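Student: According to TrEMBL, the protein carries these features:
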- Gln38, Gly39, Gln40, Pro165, Phe166, Gly167, Gly168, Met169, Glu170, Lys475, Gln476, Lys477: peptide binding site (BINDING)
- His194, His198, Glu217: Zn(2+) binding site (BINDING)
- Glu195: active site, proton acceptor (ACT_SITE)
- Tyr289: active site, proton donor (ACT_SITE)
- 375-520: domain 'Peptidase M1 leukotriene A4 hydrolase/aminopeptidase C-terminal' (DOMAIN)
Amino acid sequence: DAPRPGDTPHSRVSPSPQVCWLAPEQTAGKQKPYMYTQGQAVLNRSFFPCFDTPSVKCTYSATVEVPEGFTAVMSATSWEKQKDNTFIFKMSQPIPSYLIALAVGDIVSADVGPRSRVWAEPCLIEAAKKEYDGVIEEFLAVGEKLFGPYVWGRYDILFMPPSFPFGGMENPCLTFVTPCLLAGDRSLVDVIIHEISHSWFGNLVTNATWGEFWLNEGFTMYAQRRISTEVYGLAYTCLEAATGRALLRQHMDNTGEDHPLNKLRVVIEPGFSLFLGVNPDDTYNETPYEKGYCFVSYLAHLVGDQSKFDAFLQAYVNRFKFQSITADDALGFFLEYFPELKEKGVDSIPGFEFDRWLNTPGWPPYLPDLSPGEQLMKPADELAELWAANSLNMEAIEAMDITAWRTYQLVYFLDRVLQKSPLPEGNVERLSRMYPKISKAQNAELRLRWCQIILKNNLEAEYSKVKDFLHSQGKQKYTLPLYRAMWGGSESARALAMETFSATAPQLHINVQNYVKKILGLE
């Protein structure tokens, strides 16, 4: 709003999805208020005056004054605290406006590596330190080996309040992440690998328009899975990628394959206003991530040699660093780097034309081979099959030991059980008793699937688990599928949806509140 008499010439901001003002009850500590900004995709225009397009990059500095007892952090390469609770920030590398981010709250930090610390509310800092001590440096070092120098100096992580609607936001030097990642067993660190990968793909080489978001996300998914393969091996990475592919399948089944958003190059009206054209935030879905990953994998498949493709990725980052590019720039450079492929006309192989990848909606023409994951998938498939039977073969079920299964193997198993649901009468109750590791899990990925299974099987005895999970966090990717499942379920499931939403709405991000209202027909 306009400056008021006596105001210093600072920006004044009203509550909005861009600048989130949280009441104490929306934080983990529940004692003090909190504020943070979310710039992606086109939200920072209401935080400060800027060219709010990813095609423009600049450096920035900021002076932030906060009340006593609060700390400010920003996506900046340097910061210093001065007297009177004033913080000075500088970002010395050029970045697009959407990556400028600020958070202010009762937050403290702990070192977890030579160039990394975790930031969190005091009640979460021990858990954050324990979960991430030592692991971040390993991921950064592998990333540097694969993609070239890490140019941002520090890589810190800020654990956000539970109402934060995303898994992570790759703000340079300071990734914002959901506290759901504090699983207690390091089982969800792949989200951090994804955000670290953005340090090269997205933050260093950036899509020039939001219509080609796959340049940020498809390359980042590929980079994430390269790092994961180096650190955790091929079988585990293929299993994680299979989970991603299942999400893409689910998304395309929901929207219909030929939905215009299911292309890599999405038409976002030029010069749209948030009220007229398509808001880039409404185009958020699995396609740029997983179909984008398939396209980058297809390029690697054309090259046919992993080390040569790794070298190409380094050259690509080096060629376009600190720039914003289009798909034509990226693919042009690919063909220039591999003249023998250009010679062969790989951009126009029938059925796999680059143009078709970019402009035709639908399932990816090429799928990378995930068969190395089968050693982990096969037992999960077999076990799901056993639990879906009309009469349970308990001997065979008990012979399968799942104690050593890692999160993604359990997630894969639960996805299979969900696909086969509703199960025959009584099976889900027995499954719940047999595997407390699943039905009493604290891990958010497992909790999401278990809640979906409860709803698909209308297991009213465990409805409280759905309610508890939705009370504990407000991440969009967990919240919306559960409201969709409740609304598509029985009368009692719909009642649960209404009751839970009226209790939790104030602690949800405004966008998530609006999406849930749409699902529940409260618009």
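From the backbone N, Cα and C atoms, a Cβ is placed for every residue, glycine too.
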Student: Including all protein chains shown, what's the count of other C-beta atoms within 10 A of the C-beta of Glu217 (Zn(2+) binding site)?
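Tutor: That number is 26.
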Student: To the nearest Å, how far is the Cα of the residue listed as 'active site, proton donor' from the Cα of Glu217 (Zn(2+) binding site)?
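Tutor: Distance (Cα to Cα, whole Å): 5 Å.
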Student: Consider the binding-site residues Gln38, Gly168, Glu217, Gln476 and say which one has the Cα lying nearest the Cα of Glu195 (active site, proton acceptor).
Tutor: Gly168
Student: Rank aside, I only need the closest one: which of the binding-site residues Gln38, Gln40, Gly168, Glu170, Gln476 has its C-alpha nearest to that of His198 (Zn(2+) binding site)?
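Tutor: In terms of Cα distance, His198 (Zn(2+) binding site) lies closest to Glu170.
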Student: Where does the mean pLDDT land for the domain 'Peptidase M1 leukotriene A4 hydrolase/aminopeptidase C-terminal' (375-520)?
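Tutor: Average per-residue pLDDT within the domain 'Peptidase M1 leukotriene A4 hydrolase/aminopeptidase C-terminal' (375-520): 95.
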Student: For a quick check of packing: other C-beta atoms within 10 Å of the C-beta of Glu170 (peptide binding site), how many?
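Tutor: Other Cβ atoms within 10 Å of Glu170 (peptide binding site): 23.
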Student: Taking the centroid of the Cβ atoms of His194, His198, Glu217 (Zn(2+) site), which other same-chain residues have Cβ within 8 Å of it?
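Tutor: For the Zn(2+) site the neighbour list reads Glu170, Glu195, Ser197, Phe201, Gly202, Asn216, Thr220, Met221, Ala223, Gln224, Tyr289.
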Student: Over all shown protein chains, what is the count of other CB atoms within 10 A of the CB belonging to Phe166 (peptide binding site)?
Tutor: 18
Student: Residue counts in helix (H, G, I), strand (E, B) and coil for the domain 'Peptidase M1 leukotriene A4 hydrolase/aminopeptidase C-terminal' (375-520), per DSSP?
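Tutor: When I sort the residues of the domain 'Peptidase M1 leukotriene A4 hydrolase/aminopeptidase C-terminal' (375-520) into the three classes, I find 110 helix, 0 strand, 36 coil.
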Student: Going by Cα-Cα distance, pick out whichever of the binding-site residues Gln38, Gln40, Glu170 is nearest to His194 (Zn(2+) binding site).
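Tutor: Comparing Cα positions, the closest of these binding-site residues turns out to be Glu170.
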Student: Using Cα coordinates, what distance in whole Å links Phe166 (peptide binding site) and Glu217 (Zn(2+) binding site)?
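Tutor: Just about 15 Å between their Cα atoms.
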Student: Which whole-number value in Å describes the distance between the Cα atoms of Gln476 (peptide binding site) and Glu217 (Zn(2+) binding site)?
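Tutor: Each residue's Cα considered, Gln476 (peptide binding site) and Glu217 (Zn(2+) binding site) end up 18 Å apart.
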